[in-house]
Amino acid sequence: MIVRCLSAARRLHRVGGSGILLRMTLGREAMSPLQAMSSYTVDGRNVLRWDLSPEQIKRRTEELIAQTKQVYDDIGMLDIEEVTYENCLQALADVEVKYIVERTMLDFPQHVSSDKEVRAASTEADKRLSRFDIEMSMREDIFLRIVRLKETCDLGKIKPEARRYLEKSVKMGKRNGLHLPEQVQNEIKAMKKRMSELCIDFNKNLNEDDTFLVFSKAELGALPDDFIDSLEKTDDNKYKITLKYPHYFPVMKKCCIPETRRKMEMAFNTRCKEENTIILQELLPLRAKVAKLLGYSTHADFVLEMNTAKSTHHVTAFLDDLSQKLKPLGEAEREFILNLKKKECEEKGFEYDGKINAWDLHYYMTQTEELKYSVDQEILKEYFPIEVVTEGLLNIYQELLGLSFEQVTDAHVWNKSVTLYTVKDKATGEVLGQFYLDLYPREGKYNHAACFGLQPGCLLPDGSRMMSVAALVVNFSQPRAGRPSLLRHDEVRTYFHEFGHVMHQICAQTDFARFSGTNVETDFVEVPSQMLENWVWDTDSLRRLSKHYKDGSPITDDLLEKLVASRLVNTGLLTLRQIVLSKVDQSLHTNTSLDAASEYAKYCTEILGVAATPGTNMPATFGHLAGGYDGQYYGYLWSEVFSMDMFYSCFKKEGIMNPEVGMKYRNLILKPGGSLDGMDMLQNFLKREPNQKAFLMSRGLHAP
């Protein structure tokens, strides 16, 4: 997942809705107020600071707002007849960089700081800056000057990327309603501010949730000793189980006590139920109302206009068609699971209720994997200690993309467990960027897996290039005395996926911050990282990623073959669940009268064939709804069509570690960032229109 901040150039996926900001920036002539904060423009280095106190965050937020507003005001007062490319468009692009970097230092700590007061100050800064962003994005005076420039500028004399910047600026201005009457603009502005606050609060609630359940050892039946030994104990010798991934999924996959799994699933899908349900009940109608004012039928229509899918009709057809194709496979998988459950209930004396419950799904899918393919993830993870996986992952990416990584000693980081690496082009030695690895859970930390773009890789006012900086934030189990952090294979896949986003951030080399890194269409943004997941299903790559944590012995060929063969296990149910989430997202953003919990329950029954647990409200825990994937969750499946096409037609055909294909991928897919349309990049890479054949094959289906 790409987490995108409100800055349009980073587009962190948590804003009130849609990456809607025009992100008007300032003029060359009026840059002086920011010069004192702009030492990073000297050589484009990483100057991000992570030691700001709550007071400093608050003060610097107000300073940034005041200084930025002054420059906007100066730009807005330019005589409209004297607007030029240099004093308007280029000036806007130049100062955009400064604002983004300053903002990062203020709003990113809410996700990673160990200090609760710093997180709170950062969240408030994000809210304050988000309101300001909306104010600036609604500056009609600046919009009129950009429109004037487009009308008078000789577009043939400016670079294609600059022309794209100009055209998108006009387009985004209209999507902000700046062509509408002032009263309507003010109404939209007020609603956007409220939407932004609601989205920030929605995800803050999830991040700060510290719910835990207490179980006896008997209630944790069949869970491995190493997991139980890692748990915090209560005074009465019971065990605390949090709802964070490193606790939740092991329990749901391996605990043989149905009541324990039921309690965990119930708690997990009622996180923040009350407060986030209220937020959704306000947020969804606001989005719909803004879309209507802007001339769109629904919020989904509004956001899809800028994506490769283009319309709700195309998305609905794609999801319904895939659902129908997967229906027989899903039915067969459910039947197999139900038989497993019946047999186990008879053997262990549990009551058999004749159905698959939500808390049964992970458990019996894990059993299916073990029975059909003899893959025991508990044994397998002993070959994936995090240090070995990290070294192998970094080596594979370096070799594939023609890069070199070097760990920075004594790096300035936000937590002592975080590491920083510098990325260089292997052939030229040019520094392309840096990335942070933040791998372990902490209190208050962002609780999923994501890549954060922190500093855009783009041109500075003097023509030099600013290095790109990104952070990979995940939550793998903590190492402990005598035992390193051991990763399940699905965690290795997640690691590879998110690092693919990091490489997109680092390898993109654009002129404008707005197009840097992963600033592509939302239903294209997952393509590069999804494509790279294929490496963790390749035997040669897996050998490079694995070594037994005790004696360094290699993973056996037999175990490798079984793991690779298991790729299609449960693929019907797993894909149908993605369709459920995509359909819920589409429904909530096309019909605001729907109840989120009821809509989720409906699709769980109709499509997945596994009922949602009564009393839960999964959408209230669904961070994507308030994190920038609103109306766009389908993009995960949609983009797999493209990623699988690229992999099978090029990498699989030419060799997955073929450096020529790797450089072709780096140059044609990663390097352009968002300076080209996603479909154009795909056609440049494939030399043809993309098709679904490889995607359907990856799902165990035959292409027509």
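Yeah, the Cβs are placed from backbone N, Cα and C, and that goes for glycine too.
Feature annotation from Swiss-Prot assigns transit peptide to 1-37; the stated evidence is similarity to another entry.
In this structure, H504 (Zn(2+) binding site) is part of a helix by DSSP. Under the heading Zn(2+) binding site, Swiss-Prot lists H497, H501, H504.
The active site annotation in Swiss-Prot covers E498 and is backed by sequence analysis. Sequence-distant contacts of E498 (active site), defined as residues of its own chain at least six apart whose C-beta falls under 8 angstroms from its C-beta, comprise M1, A449, A450, C451, L472, V474, S529.
A simple way to gauge crowding: the CB of K664 (N6-acetyllysine) has 16 other CB atoms within 10 angstroms, across all the protein chains here. Among the features that Swiss-Prot reports, N6-acetyllysine is placed at K664, with the record citing similarity to another entry.
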Lowest local Cβ density (other Cβ within 10 Å) among binding-site residues: H497, H501, H504: H497
DSSP three-state assignment (helix, strand or coil) for K664 (N6-acetyllysine): helix
Nearest-integer angstrom distance between the alpha carbons (Cα) of H504 (Zn(2+) binding site) and K664 (N6-acetyllysine): 14
C-alpha spacing of H497 (Zn(2+) binding site) relative to K664 (N6-acetyllysine), in angstrom: 19
